[in-house]
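Okay, so here's the structure we're looking at.
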Amino acid sequence: MATAELAGKHLVLGMTGGIACYKIAELTRLLTKAGATVQVVMTEAATQFITPVTMQALSGRPVYTSQWDARVPNNMAHIDLSREADAIVIAPASTDFLAKLAHGMADDLLSTLCVARDCPLLVVPAMNRQMWQNPATQRNVTQLRADGIDVLGPDSGPQACGEVGDGRMLEAAATYEAIASFFSPKILSGRRVLLTAGPTFEPLDPVRGITNRSSGKMGFALARAAQQAGAEVHLVAGPVALETPWGVFREDVQTAQHMHDAVMRSVADADIFIGVAAVADWRVDHASEHKIKKTAERALPTFTFVENPDILAAVAKLPHPPFAVGFAAESGDLEVHGEEKRVRKNVPLLIGNLGPLTFGLDDNEVIMFEAGGATKLPRADKQTLARALIVEIAKRLPDTSLIR
Ligand code: C5P
């Protein structure tokens, strides 16, 4: 999901030899689509896996492969390239290149560039599982981390060689997310955020049930924005068809009761609770164990409903509640009901979805209700809005020392 975090950033994308070079074509597309400038530098080995012509076409800039490139008038590519960069990203980073970096070697353009840099360096390892587990590689990775280099991944799973294990490169989308995360201001660093998102599903029988309309997009966007702001994020999700945001711990639940129990198990550790889920207010008293048969003779089924626990109100009622944020979707008169709902739920901040209900859409417009009054945020896509809301929440947090 490419969004605006990287707009205007200038990245040197260093490629070393490995089959994962094919993923860099897609990564380059995601980065440039997000508005980043991508200057590709390839080692000789990388050019064996994908051509500089392909990378030039995707990045829209000439690719550098040699220290002795006659196009650079002062012959100082190793200095000039990193001086313009906001970061150097090495992807894929081979075993050999990690070893070189750990020892400060500088025997080709890319390694020299890394040693001569004055900007952050991120590496995205890609290698066979034995190469990754090799004690020398592990020593080198520990050294790189100690030197302040960010190591993104690796992933685990089937490898090009046919083996299965740790060492494969993160997928292009996950690499994009990790880079975007690196550039986000860490306004929630050290904070733990617990969120609920999506609908809940309350069974009537094993095949039927009642639910609320909610795509989960806003809650997932908030989880992603909180993670990128440096928080440790635990997302309790009802049934939704969405990918887990990178770096977020996700727990799937079905019913309001499950969601309530999951939240209550984890809330003691949370500094912030954001209840975005559209929790079903009622469930049937006794769901049928067997599928309710539809027969000509049988009368229409009737159900008795009981109330579900109000998760947000329960969190707000705790003796030491986290900073609790509610959401409200109304079909009318939000401006009247919003503040009334905030007071009833006893939360410091309640976010109202303005205008027509926006289930499943990517755009939204919200209004924030708090003791001091109501403030509208401009209409935007849900990810932009989520980032803005995280900034607003961070501004309102009490001192860490006072929270717990
Ligand atoms: O009362 P209403 O459902 O409109 O309130 C919405 C807010 O309360 C949301 O933040 C929602 O996640 C939360 N909520 C809850 N448990 C419920 C019902 C709503 O946490 N049973």
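Including glycine, each Cβ sits where the backbone N, Cα and C put it.
Keep in mind that what you see is a predicted model, and the values were worked out from it rather than measured.
A coil conformation is recorded for CYS161 (active site, proton donor) in the three-state DSSP classification, outside any helix or strand. Around CYS161 (active site, proton donor), the same-chain residues at least 6 positions away in sequence with a Cβ under 8 Å from its Cβ are ASN128. According to TrEMBL, the feature active site, proton donor maps to CYS161.
Marked as CTP binding site by TrEMBL: ASP281, LYS291, PRO309, ASP310, ILE311, LEU312, PHE327, LYS341, LYS345. Around PRO309 (CTP binding site), a 10 Å sphere centred on its CB holds 15 further CB atoms from the protein chains shown. Secondary structure at PRO309 (CTP binding site), as computed by DSSP, is coil.
On the 0 to 100 pLDDT scale, the domain 'Flavoprotein' (9-177) averages 94 in this prediction. For 9-177, the entry in TrEMBL reads domain 'Flavoprotein'.
Residues or ranges marked as domain 'DNA/pantothenate metabolism flavoprotein C-terminal' in TrEMBL: 188-395.
Among the features that TrEMBL reports, region 'Phosphopantothenoylcysteine decarboxylase' is placed at 1-192.
Sequence annotations record features per position, and here TrEMBL assigns region 'Phosphopantothenate--cysteine ligase' to 193-404.
Pairwise Cα distances among ASP281, LYS291, PRO309, ASP310, ILE311, LEU312, PHE327, LYS341, LYS345, the recorded CTP-binding residues, top out at 38 Å.
LYS345 (CTP binding site) falls within a helix when secondary structure is assigned with DSSP. Of all the Cβ atoms in the protein chains shown, 14 others lie within 10 Å of the Cβ of ASP281 (CTP binding site).
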